[in-house]
Amino acid sequence: MAAPCLDDPSLERNFRGHKDAVTSVDFSFNMKQLVSGSMDSCLMIWHMKPHMRAYRFVGHKDAVMCVQFSPSGHLVASGSRDKTVRVWVPNLKGESTVFRAHTGTVRSVHFSNDGQSLVTASDDKTVKVWTVHRQKFLFSFSQHINWVRCAKFSPDGRLIVSASDDKTVKLWDKTSRECVHSFCEHGGFVNYVDFHPSGTCIAAAGTDNTVKLWDVRTNRLLQHYQLHSAVVNALSFHPSGNYLITASSDSTLKILDLMEGRLLYTLHGHLGPATCVAFSRSGELFASGGVDEQVMVWKSNLATDYGDPLKNHRSGGARGYAKSPPEMDFSETSLGIKAQDPIRSPQTDVVTLPPTITNTLEHIVGQLDVLTQELHSKASSFLEGLHLFSQGKSFLGSSREK
């Protein structure tokens, strides 16, 4: 039985800086930085230490769909709707290398635990594996028949799991490069998939509002949760393996106790769909992002005893419980009337990188201002002539209205 929670989860930080929906979040290994990607085509590197500047990385030509820190924390990978993958150095210079990874939107990037390999997934229906050094292409999997939303390495790096709009989750052997099993129980598109820290099972989230867990050794369905009222967009295992957190278009985050097979908490904070969620490497924190352009950092306050939570699994868990789990509201409306809540405004300055792009954009804007002035002058002359003409033929205006 899981150890009792130390305290309820609490909202610690609220970062604003993106100009469109947040698509992905991830902590660095030492928890000093948090990276987020957005539909605004930018990455943001947020510092967990208060009052430190955030970095905005500019380079992708379209929406950033996914981001992840390397295990060492020295690199950040990002995938975009511009069909490229970029590997960044998360410092003030914001240097990156870019490569054309796919022929469609890149939906997912994930480093192997040894930091040597990178797996990507795309709307071109393929999963590809690359070396991190020099981004050399190694091989691809192409048995999905629709967009591939997500692909992840197993903790030992021997397996890869992928989730697709073809309603399947596929398990691949990295050495033989073959599909070893297809899980077909989802009733809709599969948005997200990840390995349990033990590597013995996987969890997948879908557009059928469900979360399912399978044992990858026996291919058996272990647990099935139907707790959200809308699409489940993302999930993340607590490092202890005892808990799972989900993010949904119903605007909530939900924390599940895998030991008991039940819902622990429902968290309200985002104003609109919650699109992504991720635990820190220690499990002490988790971060979430939403269509409301916000990145929220939460203190988990979960027990961290490490065991095998699915050893005595309960298939179909979380369908009922004697006591209703607490619902916690951290939305702006709620927080506005709770002065005692320990929410700290980060007051974060944003540094946009690289400066060369900023200079180029400023030049373009300047040129557009000149062009606008010229067009305005010509338009004024044209309208003045049109006015004189319309005085003699006023019926033109009334006929257009009809």
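Here the Cβ of each residue, glycine as well, is placed from N, Cα and C on the backbone.
In TrEMBL, annotation is done automatically, which means it is predicted and not curated.
Per TrEMBL, the features are:
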- 15-49: repeat 'WD' (REPEAT)
- 57-88: repeat 'WD' (REPEAT)
- 99-140: repeat 'WD' (REPEAT)
- 141-182: repeat 'WD' (REPEAT)
- 183-224: repeat 'WD' (REPEAT)
- 225-266: repeat 'WD' (REPEAT)
- 267-299: repeat 'WD' (REPEAT)
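Within the repeat 'WD' (183-224), the DSSP-based counts of helix, strand and coil residues read 0 helix, 22 strand, 20 coil. This prediction places the mean pLDDT of the repeat 'WD' (267-299) at 97. Here the repeat 'WD' (57-88) has long-range neighbours at 20, 23-30, 32-33, 35-45, 94-111, 113-115, 118, 120, 122, 130, 132, 135, 352-354, 357-358, meaning same-chain residues at least 6 beyond its ends whose C-beta is under 8 angstroms from one of its own.
In the repeat 'WD' (141-182), the DSSP tally of helix, strand and coil residues is 0 helix, 23 strand, 19 coil.
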